[in-house]
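This report concerns only the one structure given below.
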Amino acid sequence: MKWRSGNELREMFLSFFEEKGCVRYPSASLVPDDPSLLFTIAGMVPFKPYFLGIKEPKERRVTTAQKCIRTNDIDNVGRTARHHTFFEMLGNFSFGDYFKAEVIPWAWEFLTQRVGMDPDRLYVTVFRDDDEAESIWMSSVGVPKDRIFRMGEEDNFWAAGPVGPCGPCSEIIYDQGPEFSCGKPSCGVGCDCDRYLEVWNLVFMQYNRDEAGNLTPLPRKNIDTGMGLERLSSVVQWVRSDFETDLFKPIIDRACQISGVAYGSSPQGDLAVRVISDHIRAAAFMVADGVLPSNEGPGYVLRRLIRRTIRFGRLLGIDRPFLLEVLPVVEQVMGGHYGELVEHRSTINQVLELEESRFLRTLEQGSALLEEEVRRVRSRGLSVFPGEVAFELYDTYGFPLELTSEMCQEQGLSVDIEAFERAMERQRELARSGSKHASAAVTRTVYSDVLKAGRIRFIGYDSEEGEARVVALVREGEMIQSAREGDRVEVFLDVTPFYGEKGGQVGDRGEIRWDGGLAQVEDAQCPMDGLTSHLATLVQGELRVGQRVFCRVDGERRWHIRRHHTATHILHEALGRVLGGHVRQSGSWVGDGFFRFDFNHFSPLSDEEIARVEDLVNQVILEDRRVTTLETSMDSAREMGAKALFDEKYGQVVRVVSVEGFSTELCGGTHVSSSGQIGLFKIQREEGIGSGLRRITATAGLASLEAYRRAAEVVKGASSALGVEAETVRDRIMDLMREVKSLERELRQLRLQVKSEGLKRALEAPQEVKGIKVLSFLTEDSSPDELRAMGDSVREMYPDSVCVLISRNGGKFMVIVMCSDGAVSKGVKAGSLIKSLGALWGFNAGGKANTAQGGGEWTDRMEGLLRSMEEQVSQLVSEMVS
């Protein structure tokens, strides 16, 4: 196998699948268009709507190298050879096109013929019930049966999360050799050590799993494969760890150069440089995709990664800013394929430099406070670090709780998390300081300078277009006088119809035109009160401060946002009426495709409660009530009974939005003029997001209609399959379930009765070999649990016994060997005995001293072997007795 770089392997993969008719797609953003996920965690996430049949793909065959972020195992990063926060997932996908028969041979071809892996080092796993996949591996690829292993749902049934697309999968395992083994006798495919390394997972996406765990067939069969580039590189480059590949090593070398610590000189030093190399890759890509440090959401994860990087730098003795010295190496390694690192270099540098300088200014003070408190706790003979001090570190010095916990753990202490959360609750307003604004890392000084030209006048309540004058241009945190074609700048106007993101409502998009010029407005934000920043890319011409322009909002998108915003108000009131007066809004996000509404409630909503809420909201919509706005004083608004968010700051004059005769709220957003304009309302999801907090994700208009259509198709299919009217599908399913349970119960009773009689006769005259009772028993259609129960009966009756139980299940058989403690003490071990039987009878097996299990295909040869089963077992036991 030839050594190849990570960049070379990525290109080989993508080119290979282009040859197979796949269209190469660029990586999607790390921030997905999916309200259920903070980050893109797998290669299939961008294609989820295609797998679900919600959207129609332009191409049926696609291949990607997808950027991914996972932080659930962040504490293991650097401690193991494979854990990362940022990684690349190589994937090829089929949306109702090719399936198992094509993708399995292609995977084998790529690994063995293109990459050059030795086929004798490769093994395969399949889902326990996937006979089709096993057959393809054997007949089309030529993988021997003894190199194919059937696994359960935990190992070979893949899903992107608790809900969503899922299906059986088949993994390709690479044997790295005995030098990578844990050394245990049981080490084999499926072992947790590094010898048998999963390099590729082929997912046969056939189902969608809902929140209740129900599986429904997807509209079409799909393929989703995933192979980690870092892991593939470690195999091809013959190294023991992903961190030793050329995707990480140059970054590690730079960290070592800065710190003066040689890689391999100490476990602590190696851990630190590995964490730095991992986290700085993740941070660079997150900023390139628009994530900025904050105290919540994706921004909080970014802030935590940056601060962990800085702290591990301190552990290496780096007591000065160093991130900008490492970033060029990240760009050097990754920038050839991911142009966003080059394109957004300035922003990445600026954000990381500012976050690093801020944290370094407080890290020393915070560390002194932490160390002082650690000494105080130890002097008292305690082992718990006070949660109030942990909150002070968070609130005053910017220490994430996880950072304090890690530093305390290194000192052998735990943190009082409950006390920390109580302190956080007491000062919640101070903890909410993050901003999603695309230039939030820029100091507020530049915006203060812009504001000197005067507050921007918003005309967007009455119009979606209008003339304006450019009062300022900002690029990369600095005010400029002009911008040219291709520049991405913040445009500030004296008058604007664009709504800047605030109050949970997303910012508008649209265009700014002038004589000979055009700028596309991608987003509108409010960096300071009285300012609206238009994040725009110049498509044509030159834009100057003082220039007269014409602005036009994307009216269709705004219309969808208005529908959803008014729907949140009606939903808020409906929840209070259905669930009780305790319901209060705790947050919201209103977009054009859907909206989220967070509220306090003590339990999940029942199906009946969800239906009542939906019915009430839709009733208000059908009544076509007037929606009015009024600017008044805060006192007058209170007298009107207007609802307000407790953590929002309001001025003396407030805007009240009322849905006639139903709800009244303080709100600065855009709304429809009558409830009937909202259209059909549908709750898509209800879930918990914290202690006492619930979240509803909902849609209005055409998006809701589409959801109902999908549900109707499912019911129609079930109705056809069951041969009943749609109205009675549920009743028929319940009847069938009751019938099946009753029949299963009767069958179990009959089977146990028959098997118990047979086992009872066998127990009356067992063979005896050197003081050990030996019993062999053949049964039909028994489960593993039933066989083990029989074995337990034998061990209870005979303290020194060996029991070999075989069950024929259709075209297969299962063998369970059970040895009592007495037999084990005399040298007869179940694991060794079943392997000997496997060698004689031709099946795979393994296990421990007391219990072992195996099985295989039932053939005519088995009939003859089992006639002499008792003699064979007795002979083997005789040879094993010490």
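Including glycine, each Cβ sits where the backbone N, Cα and C put it.
Unlike curated entries, TrEMBL annotations are predicted automatically.
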(message) Which range is it, out of 411-445, 551-585, 656-690, 726-760, that shows up in TrEMBL as coiled coil?
(response) 726-760
(message) With Cβ-Cβ distance below 8 Å and at least 6 positions apart along the chain, what are the contacts of H565 (Zn(2+) binding site)? List them in sequence order.
(response) Q505, V590, F595, C667, G669, T670, H671
(request) Specify all same-chain residues, apart from the site residues H565, H569, C667, H671, whose Cβ lies within 8 angstroms of the center of the Cβ atoms of the Zn(2+) site, ordered by sequence. (result) T566, T568, V627, V657, E665, G669, T670
(request) Translate the DSSP assignment of H671 (Zn(2+) binding site) into the three-state scheme. (result) coil
